[in-house]
């Protein structure tokens, strides 16, 4: 672990507290009587906040990131929004020492030197005790308070005390900092307590202490957890921030400072740490946790939680944890040995047994010395320490036996095996030199030297080849004996030889895994991470902090060898792991290449020990087909003989071989012969053979694809009606080839009436379809719905509407009518629109009678459509009067129609109906009939509307001339209510009803004048 300084700033006053915004973008710092808001990405000061009159001691952000609070020596607490605006202020009786938000609710706990309070939105409850620090549990149900007298009080969220913890030392050990572990993986809530008795302790929510007190040797001023609770930060009088495990084991230092550290916090969900000091220094560090691990074949050891070592068996996935309870600095593993370097010692472990699956380790030796090294390697009887240019070999007792001094920095070191106590080491240097060192020999052997620095090394299983990855990300492979560069490949970050195959290696880089066999081209597949090992068909890959074993089929390199007829090498690759299909391909290729030994090995591997069968295969590949057939029959594999003859197109020999055997075999032979005829482009012969073999489907497909209708007719008529599938296939091809009559005949033969109906519909033979639907009413929808759609597509909408209605598709019928109506209105065919609306109303009435659930809705629509039908009917006359040169109606009729229409348009005007046209007709006829007052009213109304240019002059002239007329209407035109004998105005705001008795008027269908019906009046009076 190391800390890298990201940015630093200096304030003029002591930094007593700081807080991160939950998303980590901002850092709030308490400096003097101000709050400083920083951008955490680059340390830019966003804004200073002024609101307190004295030193700010504490600051805290709410979990939801919407607000934060600050407390000051001026006895006040200010609540700020995330937009850096103050919204609330309340006070205590003394200077504020600490504030903390409930992580679940918006409760804010604040404490001073003499009391503490819990804010419930805008209500604050005060409790009078001497408190100094405060912290909430994860669920927000409890909070812990630390006091000057050494007592920790755990209270519920209402402030009631539940547990009291008394620290040894009492008032001599004031509790200066406390913090609950934020991890939700812990079974219990754990509280970290740091006091000025220079001790760190951990407690459960019940008050029970966990473990023993940890002695600090400094006065702690702050303690805080990482976001997931795995580590603890602590700073104080030792002028530095230290990193501890969650159990209190010290791991290291994060940035030494020049004055006391008063506060330190971790940026949420990250490895960044902010530190505030007494001299006003603000430091922002990034913690970098390096991977500490070791690998030997299929055993991988790595550091976990900084103090534990986990050994993982990569094949069986077994794991064992070794608890060291100290910082693990280095790990090395080799065969049955495991070395762990701790700050003050090195522990040597060994396996309990020689079992390859054993995972139980015990301590073999302990070297109680402090060592500083860059790399650590363990052998059977020694440990090797790498210190820049120096290598030291120590026995397990800690005695230095020998030492090697290199010309350049050591970049890579690896144990390559050897007898116990005489192992060999492979060493790569920064100057490009590669050496082999034996632990019992003082002299290093230079294998080769290249011009670029070494990053990674590995040696092949036979020690004949060396693979190197240099600083330019190039993988170079050398012959160790001749020093010749065999090949090189770009984009590599690590390399490993296959421990079971001399000529195979793999290297990773650029997000890809590259597998290379001999001098063949590289085979690639996607892979994230670094290759660290290659054993058989398994590649061990390290991605970030996790090691995984990737199963890689060796098919690609095996086929590369097969292409060059290198059967023995291909067999070696296949033994590493390929599919059963690959094994069979290898055997066939070996037989074809007359490499019988390889083929025989493959058969034995598959468990085949029949020598006669193997000899038959050999004869077949040698061209001795009759001898092979005899051996196949002798070994009980007649089918293989038939396969051989048919593959060779020797059908006559195959028939002779069968003789009068099983009819199934004869049928199979004929089928194969037909397949062959099809493949050599003799389809008619193939069809005849398929028919004779009973393979009617194949015969039909070939005939249909070639358009041979006559042959299809012959097949269809010969087939029994019970053979539905081939007959359906025949009908399908008849239909596709346009022979609809034969398709209908075939459907009738198999009794598929539904398919026959669909055929008539698709071919638009509606009479035949209607005839079938009358005989079989269940097909009514299948006929009339497509028929209606066809009519609609051919612009025969009225017929389509009737067809939908007949098919029982009322919704589609209504949609067609609605579209017809809309089109009629848009095209100014108002009489047609009225007719269509009348038809719609009638259909709504039919639906209301048939469907009780929709009755109310349909009746409403019935009245609405009836009303619209009447409006469009009368407007048709107005439209003709304004658009055509001659009128077919008397002036009185147009006068009454205009009045009726205006009375009916009291709420909204339907689409297409023009108020301008209606008022214009009313004004003209009113003037002509002597209703001057009404005419003047109509002209006035027209002035407020948008008038077409063609009416402009006429309306302007009419508006002027009407003013010369008397301001009254002719009494003859005034309508009389025949129920109450009241004279009604010509224009009535209530509509077509009497203004006195509200009786609706009844109008003539021809003149639209109000009717006098004495019998009707008499009935109403009764």
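All positions are counted from 1 along the displayed chain.
Glycine residues also receive a Cβ, built from the backbone N, Cα and C atoms like all the rest.
Please treat TrEMBL annotations as automatic predictions, because they have not gone through curation.
As annotated by TrEMBL, domain 'IFT122 first beta-propeller' applies to 2-183 (among others).
DSSP labels the residues of the domain 'IFT122 first beta-propeller' (185-288) in these numbers: 0 helix, 64 strand, 40 coil. Annotation comment: TrEMBL describes 185-288 (among others) as domain 'IFT122 first beta-propeller'.
Summarising the annotation, TrEMBL assigns domain 'IFT122 second beta-propeller' to 293-547.
The domain 'Intraflagellar transport protein 122 homolog TPR' annotation in TrEMBL covers 554-917.
Residues annotated as domain 'IFT122 zinc ribbon' in TrEMBL: 970-1011. Across the domain 'IFT122 zinc ribbon' (970-1011), DSSP helix (H, G, I), strand (E, B) and coil residues number 3 helix, 6 strand, 33 coil.
Beyond the repeat 'WD' (49-80), the same-chain residues lying 6 or more positions past its ends with a Cβ under 8 Å from any Cβ of the stretch are 13-14, 16-23, 28-37, 86-104, 106, 108, 110, 112, 119. Per TrEMBL, the feature repeat 'WD' maps to 49-80.
Per TrEMBL, the feature transmembrane segment maps to 116-134.
Confidence in the domain 'Intraflagellar transport protein 122 homolog TPR' (554-917), given as mean pLDDT, stands at 68.
Note: the repeat 'WD' (49-80) comprises 0 helix, 19 strand, 13 coil (DSSP; helix = H, G, I, strand = E, B).
Remote same-chain partners of the domain 'IFT122 zinc ribbon' (970-1011), defined as residues 6 or more beyond its termini with a Cβ less than 8 Å from a stretch Cβ, comprise 874, 890, 892-893, 895-897, 899-900, 902-904, 906, 926, 929-931, 933-934, 937, 1017, 1020-1021.
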